[in-house]
């Protein structure tokens, strides 16, 4: 904050205005970076919106997009003011608005700092969103003939293949739901009837997993069914065997992926915040030279 009135000659005044003009336009580029990061994160979240419970997860990308747009607007305006400051006639129309403008910039930088913190602190909310969304997604895996859910099987399969994961917390989650559609069950079969009768909810539960849980790096052909039946497979013990399935749950895989993205974006946002503060402080210090006391 300037305490004493400082005088600049015309040459220094020109250099000051040019320096601030350059810094503000670099800040415009930083705003474009924030906007792009927010847009990228929003697209990544929308790709897997079927396995997310609510829209809370979009708070961070929406905030990044918003502060990116505002950063471009504010810094473009600041660049215009710096350019017009070289002409006394043009500068006169901006002079009454400088203090309110700087006050708004201070408020904007507080918001920008809070958005940066949110990038680091929303992991817990994201985890609960993924847990509930994945649970529902797995429950609807079999509904390939139900409008609105017919693509869920493909979504879950592609998710497990891409992130090398299986189930919500692990492959055993598939044991607790009926993931095979009734359309592909032979109800005249004794084995099918016995399994359905043995379940209080009348569901066909198996100790098996979808093909997308298979790890292609395993030298052994993939064992998808009867995973807990040692006698069903040669030289096999499900308690000691290193299964040829993805062992990590998809919740942990997605959480690590999105947390890594948001942490990186949080660091970038903090760097942009520090860079934004520079032109603002320089602008405050230059106010006395422009005939103001701040």
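Quick reminder: no glycine exception, Cβ is built from N, Cα and C everywhere.
Automatic, uncurated: that is what TrEMBL annotation is.
Annotation comment: TrEMBL describes 20-41 (among others) as transmembrane segment. If one looks beyond the transmembrane segment (20-41) by at least 6 residues along the same chain, the residues whose Cβ comes under 8 Å of a Cβ in the stretch are 60-72, 75-76, 78-79, 82-83, 261-262, 265, 268-269, 272, 275-276, 278-279, 282-283, 286.
Residues annotated as transmembrane segment in TrEMBL: 101-122 (among others).
Here TrEMBL flags 255-275 (among others) as transmembrane segment. Here the transmembrane segment (255-275) has Cβ contacts under 8 Å with residues 26-27, 30-31, 33-34, 37-38, 41, 44-45, 57, 60, 64, 67, 71, 109, 112-113, 115-120, 122-123, 126-127, 130, 163 of the same chain, all six or more residues outside its ends.
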